[in-house]
Amino acid sequence: LLSQFDPDNTGYISTEKFRSLLQRHGSELDPHKLEVLLALADSNSEGRICYQDFVNLMSNKRSNSFRQAILQGNRRLCSKALLEETGLSLAQRLIRHVAYETLPREIDRKWYYDSYTCCPPPWFMITITIVAFFLYNGVVLDRFVLQVTHPLYLKNALLYHPQLRAQAWRYLTYIFMHAGIEHLGLNVVLQLLVGVPLEMVHGPARISFVYVAGVVAGSLAVSVADMTAPVVGSSGGVYALVSAHLANIVMNWSGMKCQFKLLRMAVALICMSFEFGRAVWLRFHPSAYPPCPHPSFMAHLGGVMVGITLGVIILRNYEQRLQDQTLWWIFLSIYVIFVLFAIFWNIFAYSLLDLKLPPPP
């Protein structure tokens, strides 16, 4: 349709012609997309619109040039806010609620509300939760949670144990073990209440990356800073997601329109502090199976560090290519350096320091 306004095939169309095109066919477009198109026209100081930007918008893709055009111009957002719209179905209200919980800009909320199709669904967080809660603890062990006082606590192939650190899968699979029903319950609640909405907005690829990066950083942090302790629980991944989300809320405080945001942040911080305090207390509490100590709490701190570095960058750039972000490369490089350092530490430091490790289970 735009080709008739670009006879020379330059890839651009004048803003005047673009406006006339919108007036002629605007009724056929979603009102929120029409609003963004008008904002694109208003923000352009060169008097022309790139055809590819138009294609990106209509195909639900956002290029850097499109985002910059919106950010640098005077955005035309004259219609009522998404929160004020009435007559929405239950599913539409849920999507709107998720948008206001996770996105700080109205234009991004409308974009997400229009483009979200629940395909794919938030399968990653749901799958991780089901596996953690039922598959191993419920089916294999015939128990819903493996307490640290249970005779089989150390005799399983999933938790991280310093004597078995050469078994690389343990740096990931320890998330399926938990040190008590309260430990499991709090992690499940946090990763469902925070992780599922984040995955609905940012997709399984980004959220799984943050989660797994937090899990790996957690076990590696234990192997470096608390070398004689085992570790269990999904707190590394959960804390990575929660800390990234809370950091974004703080950085975009004025733009976040979620209800009771101060109260919600306080509740989240209290829950995290309670769980972390419990982990610290348990670590230094006399072990039920000496000389092996109780699980370490360092995985929580590893997850937090991932959340406020890699996680913040990933969640801040909604629908934008991360490889174009300088900070993304900086934090990714720091993370890779830490992983490599921890690997070499695990290979050489344990023998050099002549530590007295607990006996293998």
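Numbers run from 1 along the shown chain.
Here the Cβ of each residue, glycine as well, is placed from N, Cα and C on the backbone.
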Transmembrane segment per TrEMBL: which of the ranges 171-190, 231-250 is that? 231-250
By a simple count, how many Cβ atoms lie within 10 Å of the Cβ of HIS300 (active site), its own Cβ left out? 26
Spatial separation of HIS300 (active site) from SER235 (active site, nucleophile) - C-alpha basis, Å: 6
The average per-residue pLDDT within the domain 'EF-hand' (1-28) comes out at 68
Around SER235 (active site, nucleophile), how many other CB atoms lie within 10 A of its CB? 33
Restricting to the same chain and to residues at least six past its boundaries, which positions have a Cβ under 8 Å from a Cβ of the transmembrane segment (327-353)? 162, 165, 213, 216-217, 220-221, 223-224, 227, 306, 309-310, 313-314
